[in-house]
């Protein structure tokens, strides 16, 4: 196989480092110049591209001993890339100037290829041709947001609901995403795909790599060599791969482990001579780490939002490296340079160029921001406008083509910006004398122009020539097929698209799964602590169970809870299965492994971890509780618990595979779990179940497992009847012949109860059920696993096509506002439109002097900022620039008072005085992350900011008018009523960025506007729009400080001043930029660095100071040059002058005009506005409310039907308690929904509270109030079926009390979830705390173990502190008080009265002494005794009283009050700083 190592870029700045001496380098370069007079090289590039092909033949002669060379190269790379294990960001590593031995990518790649050729590995080359390609998808239309009532209405549309649950059904209107694309890309060629966001670039890349899922139809022809798309997908799926824009990885694996796993599945069967699998693996990993300059992260975990790991830029590089390991022949890279600095992005592009040249791959690349040097790496360019192909041809001729159409280019505009700009009606300009009338200006007209051009004719000729070439070069495709087979390892079927056989996939995945589980220390620690803690609690509660009638029922309760707890430990598999879909889908298209292999590997590894945890749990429970001391019974106990866990694990994974989203999964799981618990045989015995429920026993892991555990425990157990259980009992009743034990299975005249008899009479369980149930459980586990494997292989969920933007329906007010905005859009075409109509004023001047910032590190302290000086004036736009990791965001945070750890020194002043108490309120800070409440519309988000952050004295009408101006300024007219949504389903990245800026502008900052990377992740046109907006604001008088990452010339010329930082937080320049950057460039020129005339000053100055991977210009440190310069002294003088001048102006005007108060509005107004927003959000979050309501109704309905029309029998007394006990499941279903909702709202609150929008109290109160309507509705819908279907007492006094208890339980659960979420840093940790809390509440409330039987330690305090103690006591006594009991024939205890006595005469002393129950007939000698006469006698054994029910209700209400108090305190004091401390604790594990 033509195996290509996973490589992409050089990590150093030299051009040809493979040559040992400078003279050899010059001689070699001279030879190449003669052979390639038109070769293209890049200024200060880390990778030389055009020389690659010329050097190839030269290097072939140099590598004479292939095997020896391969070994040496491996050792060389291994030495050069030994991982350091540091966790610092790559951008903070030393610059290339300080690096050791240089490393050359070209030499390594050519050496690898040469070694492969010598080993007889055939070359893989395949081109792609597409013709009349049309792709259709769903969405892209104006869809109105659905609300909570809509969810209820849609649910009763049963057929459509079922279709949606299965992932089918209507998803919107079909539309064309791409239309009539045609082109050809031959092996060894690269094409750059350009287009505005939403134009179809991603769809084209997916389609061209055969990623067709999610699109409704794909028409036209796509050929991969001689293979059509279907054949190619079937036989060579892994040869066409797509690198998505998002980075999806296992967060607990290290970088090296992530790449190592990819190589475990992709290491070829045929390798260079003498290179073993282990050597090949290590060699490629080290090469990748070296190429991407991430050697220091080799042993650092990838991480995610919960786990601290590598930086975003490093994670992006790991994604790139992972796909390169696939060794595919057709590669598509979708905006893969996002998050990379310009130097790394350029090296990535050059690495693709080298790999494409040497390995003859076919490479498609889409980039949002591409420099001219990046553009030069490509052979062809494809330009897309609104799904239409408006140009495809040579990259070197594309610019001239669009110029010939009449489009004007701006000075210093890069070719990619120019080409994309020609498709943007607001950015393109026409040549003098030309206009839209004679220049193609619509997608259709541009297509027509291209079709009439010579480029279209040349393309047709090239496509025809390529088709003919396919017939002539059949040997190439024979080599391709042979190489594809040679890449497969031994035992891999020839028809398989995978590189390794199924058993090796399982083995590789088992190794990975073990690392995932082992390295997720926090989850493992919490799991073990929870399991061990619950085991100890169970052991102490049921400590040394007696082998008497008193321990029979509690022994069953212990077995049931043990099985249930460990079974529900598997619930996390549902979440992890759904969250892991994106990783599985990515690896599926990379052909790393079959999804079925993953599920098998997971179950094998998880079994190992589960056995260890369950073994400890079982040992504690089994021996502390004194279960049967028999080795066989003990190991059978463990076996059943483990099997129950595995069965539920497979079950939850099946749900995760089958469900299209988490809401559907939760709905389905709630129904099935409720049925499993109800039919388990503990709450209601099998013989007493409704006929329609009994069959569930045979597919119920809990029912089968519980029966097996009971048989295992009781089959050989002999119990003794206690005196309390003997009837009659007391003085005078000594003759056992006339007494009977009330425990089921007892025989008259005997105090011995065989366990088998007890099981048969009570549960209808028999000794033979044990291994029969074990076999059924094994079959269920295998069945669930089979379903898991099947659905994992056949089902795939995800989005294809464009995402849908939802809108709020227009009313009269919004219709009028939108009409006014549309009328003003005509001003949009005026490029010099000002923002003066917004009346932005900012007179104060912000200065900082000698600012230093030190943070604590394990070794002491680390200085991130060092003596930084500067100022920002009204009407000036100041850029803050520097390399990644130089401290730009840190400086912004320090200046904006957003840092809450470390030590800040220096002077930060407003008008020469310390910032006032209202500073945070008067400064707007647009953070890099666009965090918004997703269910708000754009207009609502801006109005919310204006309502709370502009002075309360400003009339609301004036605030809202100002908001309309902001909408117009930010060109958001079409999106004013659009729901912001999430990046996956909502506004695009660029649109969200504009909303972020709009929210800050709507606050009308009195002092300063900070912006952190406002152009990050945007395409060039969007970035230009953002900077143009800022330019308008500055012209209107706003003071702005903005960090920006590698702007092009057009962006850079909009700034007035520059603050430039180098690594270490040192300033290297602060001052004016000047027209055409002449002031800035003059400073550098005078200090030894001369900018070439054709270079972008913004990029060049960063290279000059060594910000990228190139060496700095000059020997002196640029920070030192600045500190000794006259410009620095001038800045200090200007700051002193500005402070004095502004202080005098403030004094003369009678003081600062800024109102000094913490919040702009009073508390009552904050509560009003925040509550309104929160209620709207809940109303629109239809799945949140409806899923909760659905779970309530289903659980209540199923429970009610299971206990349908309970009679007055003795068993029904217990069943009524179990029905009431089901109310305690409410916290379990409420906490898992409330906590994530609260956490996300808190994340938004942290962002909004940082600028003092509203108080913590207003936030917490609004969350509580917003939950009230849904809590009341859920309580009503839960109460009605649960209460009336079983036939509970219908008297208003009883039913009303019971409803109050259900409602209080609902409110208690909601406030409990909010309290837990407020006390924990994230919902994951909260979810780990929930199970023990719910278990403790349910265990100590008096049902699972009655109060008299509870150990004194727990009874003395925890029983009283358990909120559910009051719930159970109040509801049980209210239901059973005064209820007459009528035993069924099977429930009577039968015994013979002594001779010459009737039953009534014999039992009279017993009843006179307060004995419970009654006799069926007092006149006979054959006595039939019922243990209870009225319900009061039943619950008296639980130490409950009807007289205390209102006290219980009051105490239960008090628990809600305590939740609220803790919630408000936690929200007030749990700042992001406190959450950071929790985060550090989390990271320790």
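Note: Cβ is positioned from N, Cα and C throughout, glycine not excepted.
Between the listed residues 1222, 1418, Swiss-Prot assigns N-linked glycosylation site to 1418, with no corresponding entry for the rest in that record. Looking at 1121-1141, 1142-1162, 1163-1183, 1184-1204, the range annotated in Swiss-Prot as transmembrane segment turns out to be 1184-1204. Range annotated as transmembrane segment by Swiss-Prot, chosen from 475-495, 496-516, 664-684, 727-747: 664-684. Summary: among the recorded positions (451, 889, 1396, 1418), the fewest other C-beta atoms within 10 A of the C-beta are counted at 1396. Secondary structure from DSSP puts residue 889 (ATP binding site) in a helix. On the backbone, the CA of residue 882 (ATP binding site) and the CA of residue 1396 (N-linked glycosylation site) stand 108 Å apart.
Note: the CA-CA distance between residue 887 (ATP binding site) and residue 1396 (N-linked glycosylation site) rounds to 102 Å. The transmembrane segment (1211-1231) shares the most Cβ pairs under 8 Å with 664-684, out of the stretches 522-542, 664-684, 774-794. Residues 584, 594-596, 598-600, 603, 639-640, 643-644, 646-647, 650-651, 653-654, 657-658, 698-699, 701, 704-705, 708 of the same chain lie 6+ residues outside the transmembrane segment (774-794) yet bring a C-beta within less than 8 angstroms of a C-beta in it. Same-chain residues at least 6 positions away in sequence with a Cβ under 8 Å from that of residue 132 (N-linked glycosylation site) are, in sequence order, 180, 181, 182, 219, 220, 221. Non-local neighbourhood of residue 888 (ATP binding site): 880, 881, 882, 1012, 1043, 1061, each in the same chain, at least six residues away, with C-beta under 8 Å from its C-beta.
Listed binding-site residues: 883, 886; maximum Cβ neighbour count within 10 Å falls on 886. Taking residue pairs at least 6 apart in sequence, the transmembrane segment (664-684) and the transmembrane segment (1184-1204) share three or more C-beta contacts under 8 angstroms. Ranking the binding-site residues 883, 886, 889 by the distance of their Cα atoms from the Cα of residue 1396 (N-linked glycosylation site) places 889 first.
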